[in-house]
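Novice: Quick one: the structure is below, and I'll ask about it shortly.
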Amino acid sequence: MARSVNLAVIPGDGIGPEVVAEGLKVLHAAVPGDVKFEITEYDLGARRWHRTGETLPDTVLEELRGHDAILLGAIGDPGVPSGVLERGLLLKLRFAFDHHVNLRPARLYPGVTSPIQARLDERGPDYRVDFVVVREGTEGPYVGNGGSLRTGTPHEIATEVSVNTAYGIERVVRDAYRRASARERKKLTLVHKTNVLVHAGGLWYRIFQRVGEEFPDVTTDYLHVDAATIFLTTDPGRFDVIVTDNLFGDIITDLAAAVTGGIGLAASGNLDVSGANPSMFEPVHGSAPDIAGTGKADPTATVLSVALMLEHLELTDAARRIEAAVAADLAERGGQQRSTSQIGDAIAARVAG
Ligand code: NAI
Ligand code: MG
C-alpha cells in the first residue's frame with residue numbers, strides 16, 4: 001500500500017550530522033519503494049544557539065508537531081552552559097510531545113565483547129543478554145518542580161520534587177506489560193526503591209500489581225534499583241522487560257548500554273504511544289566533540305534508532321531487515337577500523353542485498 005511518511009530530522013551538533021547521514025542512508029535502503037519519506041531538516045542545537053540565542057522557537061515546535069516522527073542526532077557542545085539545551089530543547093520536546101515512554105533496548109549482539117564477557121562466558125554458550133528498558137519520560141524528578149532559596153549563601157536550600165501521578169505511571173506500566181506480553185519470555189521487572197521512597201514506590205507497586213491482572217501471561221518480578229545494578233553487571237540475562245521511573249531509568253539504561261557493548265550501539269525512542277504527537281528517535285550518545293569531523297563516530301546506534309522508528313511506524317519488515325543487517329555486520333566487525341560512512345555503506349548494502 002502506497003504511503004508517505006513526514007519525517008523531521010534534527011542532525012544537531014558534533015558527530016550528530018555524521019551519524020544521521022548514515023542512518024538515513026540505511027533507512028532509504030530498507031524501506032519499500034511504495035513508502036515515500038518526506039524529510040525536513042531542522043537546524044537546532046548548539047550551533048543555532050551560538051548564532052541566534054534560540055533553543056526551540058515555538059513556531060519550530062509547532063512545525064515539528066505536524067510530522068509523523070523525528071530523528072535526532074545529538075545536541076550540545078562544550079561552549080553552551082549546562083542545562084540550556086537539555087532543558088530548553090531536549091526536555092522541552094519530551095514534555096511538549098508527551099514522550100512518556102522512553103524505550104531503550106539492550107542487546108548483546110554476537111561478535112560484540114561486553115566488559116563483563118568473562119562472567120557471561122561462565123554461564124554457558126546459550127546465555128543471551130536481550131532486554132528492553134521502558135523508562136517513564138515525563139514525570140519523576142525531571143519535571144522541574146523545584147527551586148532554591150538563599151542561593152549562593154551557606155544557607156542555600158534546594159528542592160527537586162519527584163512528581164508521580166497514577167495516570168502517568170499506569171500508562172507506562174501498561175505499555176511495558178504489552179511489550180513483555182509480545183516477547184518470547186514474557187517477563188516484566190519493576191525497578192524502584194519502594195523500601196525508602198515509600199510514597200512514590202507504593203503507588204508504582206500498587207499500579208504494577210493491578211495492571212498485571214490484565215496480563216496473566218506475563219511473569220512479574222520486582223527489584224530495588226540498587227540490587228538491579230548488581231544484577232545488570234552479574235546476570236543481565238535475567239531481564240526481559242524492565243519498567244522504571246525517569247531517574248532510575250536514566251541511570252540503569254547507561255549501565256545497560258555499557259554492559260551490551262557501549263555507547264556506539266545504544267539506541268532509544270521517546271514515544272507518545274497514543275500517537276497524538278510525533279515520537280522521537282535518537283542514539284543515546286552525545287555529540288562527541290572529541291571525535292567530531294574525524295570519521296571515527298560509530299553510526300550503529302543511530303541506525304538501530306532508525307530501526308526502532310520504523311517499528312513504531314509499523315514498517316516492521318524494514319525494521320527487522322535493519323536489525324539483521326546490523327547483527328551480521330557486528331558479527332564480522334572484529335577489530336577492523338572503518339570510518340563512519342564505511343560502516344553505514346556496509347549496513348546499507350546488507351539491507352539492500
Ligand atoms: P558523548 O556521548 O558525546 O561522548 C562520550 C564519549 O563517547 C566520548 O569519548 C566520545 O568520543 C564517545 N562516543 C560517543 N558517541 C560515539 C560514537 N557514536 N562512536 C564512537 N564514540 C562515541 O558524551 P559527552 O562527552 O558527555 O557529551 C558531549 C556533548 O554531547 C555535551 O555537550 C553533552 O551535553 C551532549 N550530549 C547530548 C545528548 C543528546 O543529544 N541527547 C546526550 C548526551 C550528551
Ligand atoms: Mg543519560
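Cβ coordinates are placed from backbone N, Cα and C, and glycine is handled just like the others.
Taken from TrEMBL, the feature domain 'Isopropylmalate dehydrogenase-like' covers 6-347. Taken from TrEMBL, the feature substrate binding site applies to Arg94, Arg104, Arg135, Asp226. Annotation source TrEMBL lists site 'Important for catalysis' at Tyr142, Lys193. Annotation source TrEMBL lists Mg(2+) binding site at Asp226, Asp250, Asp254. Annotation source TrEMBL lists NAD(+) binding site at Gly286, Ser287, Ala288, Pro289, Asp290, Ile291, Ala292, Gly293, Thr294, Gly295, Lys296, Ala297, Asp298.
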Novice: Which recorded positions from the set Arg94, Lys193, Asp226, Asp250, Ala288 come near ligand 2, judged by a Cβ under 6 Å from any of its atoms?
Specialist: Asp250
Novice: Quick one: of the binding-site residues Asp226, Ala288, Asp290, Ala292, flag those whose CB is under 6 Å from ligand 1, and say none if nothing qualifies.
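Specialist: Checking each Cβ against ligand 1, the ones under 6 Å are Ala288, Asp290.
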Novice: Can you figure out which of Arg104, Lys193, Gly286, Ala288, Thr294 (the recorded positions) comes closest in space to Asp254 (Mg(2+) binding site), comparing Cα atoms?
Specialist: Arg104
Novice: Among all chains shown, work out which of the binding-site residues Asp226, Asp254, Asp290, Asp298 has the most CB atoms within 10 A of its CB.
Specialist: Asp298
Novice: Give me the Cα-Cα distance between Tyr142 (site 'Important for catalysis') and Arg104 (substrate binding site), rounded to a whole Å.
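Specialist: Answer for this pair: 18 Å between alpha carbons.
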Novice: Within a 10 Å radius around the Cβ, which one of these recorded positions has the most neighbouring Cβ atoms: Arg94, Arg104, Arg135, Lys193, Lys296?
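Specialist: Counting every other Cβ within 10 Å of each candidate, the maximum falls on Arg135.
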Novice: For Asp290 (NAD(+) binding site), which of the recorded positions Arg94, Arg104, Arg135, Lys193, Asp226 has the nearest Cα in space?
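Specialist: Checking each of Arg94, Arg104, Arg135, Lys193, Asp226 against Asp290 (NAD(+) binding site), the shortest Cα distance is to Arg104.
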Novice: Write down the Cα-Cα distance for Asp226 (substrate binding site) and Thr294 (NAD(+) binding site), rounded and given in Å.
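Specialist: Between the alpha carbons of Thr294 (NAD(+) binding site) and Asp226 (substrate binding site) there are 38 Å.
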Novice: To the nearest whole angstrom, state the Cα distance for the pair Arg135 (substrate binding site) and Asp250 (Mg(2+) binding site).
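Specialist: Roughly 7 Å, rounded to the nearest whole number.
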Novice: According to DSSP, which of helix, strand or coil covers Arg135 (substrate binding site)?
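Specialist: Once the DSSP labels are grouped into three classes, Arg135 (substrate binding site) ends up as strand.
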